[in-house]
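Annotation source TrEMBL lists transmembrane segment at 32-57, 69-88, 129-148, 155-176, 188-206, 218-237, 249-270, 282-302, 308-327.
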Amino acid sequence: MEGPAGDSVCGKWRNGCGLYRDKLKDIFSWQLLKTIAMGQVLSLLICGTAGSCQYLADAGVETPMLQSFLNYALLLLTYTLALCTHKGDASFLKVLRTKWWKYLVMGLADVEANYTVVKAYQFTTLTSIQLLDCFVIPVLMVLSWIFLKTRYRPVHFVAVMVCLVGVGAMVGADIISGRDQGSTSDVVLGDGLVLLSSVLYAVSNLCQEHTVKNLSRVEFLGMMGLFGTLISGVQLAALEINAVKAIKWDLYICMLFAVYALCMYALYSFMPVVVKLTSATAVNLSLLTADLFSLFCGLLLFNYKFSVLYIISFVIIMMGFIMFNAIPTYALHGAAAQEAADPRPDHASDRLLAADGDARRTETGEAFTFL
């Protein structure tokens, strides 16, 4: 009795985790290695934006909307103009006429997510921001479950927990090293801004995943450049015009703005490629290492104190990221989604057949109906 029962339990676990068909040699594939490498490129780009921001802050320049405006303007000058060359249903005028309000929502979410997280540094500490920033991952998983019909296996939830443990180790290292920067003028407001930015980032990333997997990367970036430029331009004129006038422009300041804008432009241009290859959730997991790259740069540039916990946290985060990407998620479509909504036991075998036949463990993103 123990043997069959044990086999049954192991079989259920393998089925739930997706290990019934994935061998170790298949897990560590070229696809996974490419995903890891591309994710770390994104982290390095974020590190570039963080470093340039730090130098700008040290120079007395705090203009987050101006910096965002430069990035969106670059997207406008490249991808929006490229979109204008498209014809037919993918033409700029057709997209603008039929989907303008949807891209307006996406642009608003993206601009305000960037703005609120930068404003949070004025009210709360770096530790709080690092911890609460992770809220974007569970929010994104819930939104993907609802709108993209993404279904996760147990190993994916374990992987997310492992990554969060790595973030905890990183925050602990910051505290030990005395790198708890930021302000404590209004911690509740600051923490609320971080949580708000996480929700907005989740909405923006969800829309991005759907668009690049089902429509066009150029369309997404082109419309994001158009509406991002308009929204950030209005906020810039309303909130930062005096701060911009107070900037003492010289070659050094101009170079810092250029580095920030180019890093952000490269990040926005490259991120849809990685999202299409994996998912928005996987990309956000890989971005958890961005703070570590910023720290390593800070060791050289800002004399940060080193702790072995930073290395440990990096290894833990990478382990969780590998676990998440090693086993693919799957999406329910058509009959499979309807059967999955039917809780009756006599439909269990039908749901299993539907999941294998009509919803073949494909990449997520095809069932979202927002656009």
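Including glycine, each Cβ sits where the backbone N, Cα and C put it.
Just so it is clear, the model here is predicted, and its values are computed rather than measured.
Here the transmembrane segment (129-148) sits apart from the transmembrane segment (69-88); fewer than 3 CB pairs are under 8 Å, leaving out pairs fewer than 6 apart in sequence. A contact between the transmembrane segment (282-302) and the transmembrane segment (32-57) is present, since 3 or more of their C-beta pairs, 6 or more residues apart, lie under 8 Å. Of the candidate ranges 69-88, 155-176, 218-237, 249-270, 308-327, 249-270 contributes the most Cβ pairs within a distance under 8 Å of the transmembrane segment (32-57).
Here the transmembrane segment (218-237) sits against the transmembrane segment (69-88); at least 3 CB pairs are under 8 Å, leaving out pairs fewer than 6 apart in sequence.
By number of Cβ pairs under 8 Å, the transmembrane segment (249-270) is matched best by 69-88 from the list 69-88, 155-176, 308-327. When Cβ-Cβ distances below 8 Å are used as the criterion, the transmembrane segment (308-327) is approached by residues 17-19, 22, 27-28, 32, 35-36, 39, 153, 155-156, 158-170, 172-173, 176, 278, 281-282, 285-286, 288-289, 292, 295-296 of the same chain, each at least six residues removed from its ends.
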